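**Student:** Pasting a structure below so you can have a look.
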Amino acid sequence: KEGYAMDHEGCKFSCFPRPAGFCDGYCKTHLKASSGYCAWPACYCYGVPSNIKVWDYATNKC
């Protein structure tokens, strides 16, 4: 699956002001995703395993 990485409060994980390539590494390391990029202003991840939670509009509290 794919989606936005979340912080500890369930909000989208910000990529501002992170260096280029930060989100790719973050998604791979923390979400076990295949890749990721900064979809300003938040990290968006591809190839996230189905058991890993990503940000969901329906349950957004931020």
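Numbers here mean position along the shown chain, with the first residue as 1.
Yeah, the Cβs are placed from backbone N, Cα and C, and that goes for glycine too.
Worth saying up front: this structure is predicted, and the values here are computed from it rather than measured.
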**Student:** For C27, which disulfide partner does Swiss-Prot record out of C45, C62?
**Tutor:** C45
**Student:** Which one, C11, C43, is listed by Swiss-Prot as the other cysteine in the disulfide with C23?
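**Tutor:** Checking Swiss-Prot: disulfide partner of C23 resolves to C43.
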**Student:** Return the single candidate from C38, C62 listed in Swiss-Prot as disulfide-linked to C11.
**Tutor:** C62
**Student:** How far is it from C27 (disulfide bond) to C43 (disulfide bond), counting Cα to Cα, in Å?
**Tutor:** 8
**Student:** Could you give me three numbers for the domain 'LCN-type CS-alpha/beta' (1-62), the DSSP helix, strand and coil residue counts?
**Tutor:** 12 helix, 15 strand, 35 coil
**Student:** Fewest other Cβ atoms within 10 Å: which of the disulfide-bonded residues C23, C38, C45 wins that one? Let me know.
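**Tutor:** Among the disulfide-bonded residues C23, C38, C45, the sparsest Cβ neighbourhood within 10 Å belongs to C38.
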**Student:** Given a separation of at least six residues and a C-beta threshold under 8 Å, show me what packs close to C62 (disulfide bond) in the same chain.
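**Tutor:** Sequence-distant Cβ neighbours: E9, G10, C11, K12.
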**Student:** Measuring Cα to Cα, how many Å separate C45 (disulfide bond) from C38 (disulfide bond)?
**Tutor:** 9
